[in-house]
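**Q** Please see the structure below; I have some questions.
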């Protein structure tokens with residue numbers, strides 16, 4: 001049990017260390033590449049749809065993983081089939097062309113003419129944003145893949161205006177004119193579509209339309225969401241949104257980069273928000289969902305290659321610095337996909353301690369550069385740099401001013417850093433005190449780095465005192481994150497107490513007189529254990545100090561009893577005892593003959609009803625003869641028969657709730673067909689009277 005407690009404690013320390021590094025962002029690395037091979041797994045050499053095939057191939061291509069040869073045969077066959085079919089949808093044609101751009105499938109000129117005609121017809125007959133998107137972007141793909149093909153849109157400006165009518169004042173867009181709900185995801189699709197219209201236009205689009213679109217983009221950024229760590233993201237505002245923040249953010253980024261690539265004028269976007277979008281996508285880690293994985297990598301690739309600004313990411317191989325090992329601080333600066341950054345300088349502007357955030361222990365320290373590893377490092381720290389938690393503030397400066405038009409960085413990047421070291425444990429002692437005058441009855445010096453064999457005696461009128469001093473390598477008082485004192489009775493009942501740390505020392509005093517009830521009046525031998533740990537402490541310990549013999553009063557009759565302890569610590573995870581249940585003996589049923597008599601009494605009114613119908617001379621002469629009138633009458637009588645059958649089933653096996661549901665449905669049905677039947681009979685009767 002002591003080993004288990006130590007394991008749980010070490011797990012807690014690990015969690016604390018991980019949480020401290022939660023806001024450190026790393027560019028795409030080999031871990032993404034290995035994960036992509038597992039996420040984008042084809043079934044029998046192909047994917048379920050061309051959309052999935054494109055997302056897989058595009059992601060693997062951007063990550064530098066070559067899987068084309070494994071998928072080209074079956075996938076290309078599907079591409080040619082879709083492009084050659086006149087019944088293919090615009091969406092299928094778009095993804096077929098997208099896959100064809102990667103695999104370079106062999107498609108004939110006849111197929112090319114057919115698909116161009118289909119896409120051009122799709123542009124003319126488009127009634128929604130998605131129709132415009134798939135047809136226009138499909139024509140852009142044809143233009144990119146088949147050079148020399150004339151695909152210019154003669155009425156490009158009219159098409160631009162038609163799409164622009166779906167925009168909203170807050171920068172979001174609607175999917176169609178019939179849908180009043182706005183969408184941020186649709187805004188990204190609209191930007192991509194309009195970028196395609198601009199690239200296919202035979203002449204320049206009216207600049208007032210372009211300027212209006214840029215104004216909408218600025219308004220869209222006003223609704224961007226933000227986290228406390230400086231990350232930005234786009235999300236849908238509607239309650240029933242089907243797109244998550246990853247796909248929505250990726251859609252906007254794709255649209256912005258496409259629009260910036262097609263428009264010669266500069267797209268002025270806030271640099272901190274562009275870096276924040278990149279940090280959000282990197283902060284996701286490795287998505288387990290293939291769609292999110294594709295959106296993450298594709299959006300980062302768009303940020304890597306765009307015309308408005310390429311974000312640079314500052315990352316640290318490790319956010320833990322060991323003062324004992326004299327490890328240097330290492331920093332890397334790269335693009336979001338891990339490509340090398342241009343020539344620049346990295347400066348450590350400040351190092352703020354968690355103990356005193358107003359004072360900085362490091363100020364304006366420029367980091368050295370190692371060209372072989374492309375790493376910036378700080379190999380020495382000032383003498384006042386002690387163990388603890390810090391916030392390092394970095395600044396990145398580009399050496400060439402021309403690169404400022406291409407790359408963008410944060411003004412300041414804050415990174416949590418943990419400095420670790422060996423903590424000195426001094427003046428450790430444990431003593432038994434008399435509770436009335438506080439004099440020391442017995443006292444033992446402790447070496448907490450080793451398991452001791454301290455043996456103490458005490459009764460309920462005495463106290464137990466444990467004290468020690470923790471100091472950092474610079475001699476400052478160290479307050480550990482966790483310090484626990486545990487007493488474990490020979491019956492396996494455990495009691496844990498928190499050791500408090502003051503400005504001078506760490507101390508715990510146990511008054512046994514006030515603890516007799518908590519100790520369940522259990523006299524006998526108690527094992528003593530001390531646990532000290534902190535994420536900044538390299539020598540965290542779990543020390544078995546020894547034992548103490550306690551002489552406590554007899555347990556009063558009404559005092560709580562100690563919980564039953566299992567001899568096997570893991571037995572609570574085993575199978576539980578079988579629960580045996582004896583059902584109540586059924587009550588005696590009446591005789592069979594009595595039940596039959598009762599059944600006869602129930603059926604008797606129905607027989608009387610049939611005899612009454614015969615006496616009244618009921619006939620079916622008035623039953624409608626035409627097909628239009630006979631069908632409702634048949635349905636009406638059939639519904640009545642169904643209700644009677646439902647009553648029989650209720651008597652036989654159905655429960656009350658099921659029967660009521662059936663009756664309610666049949667009642668609505670009978671109301672409709674019965675009204676229709678009676679209306680037809682009344683109309684026929686009126687005709688006879690008028691005749």
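Just so it is clear, glycine is given a Cβ too, placed from its N, Cα and C backbone atoms.
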**Q** Can you check which of 567-587, 630-650 TrEMBL lists as transmembrane segment?
**A** 630-650
**Q** Could you tell me which of the ranges 656-673, 674-691 is annotated in TrEMBL as transmembrane segment?
**A** 656-673
**Q** Residue list, the transmembrane segment (594-618) vs rest of chain: Cβ under 8 Å, 6 or more residues beyond ends.
**A** none
**Q** Find the member of 28-304, 426-550, 583-683 that has more C-beta pairs under 8 Å to the domain 'Ribophorin II second' (312-418) than any other listed stretch.
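**A** Comparing 28-304, 426-550, 583-683 against the domain 'Ribophorin II second' (312-418), the winner is 28-304.
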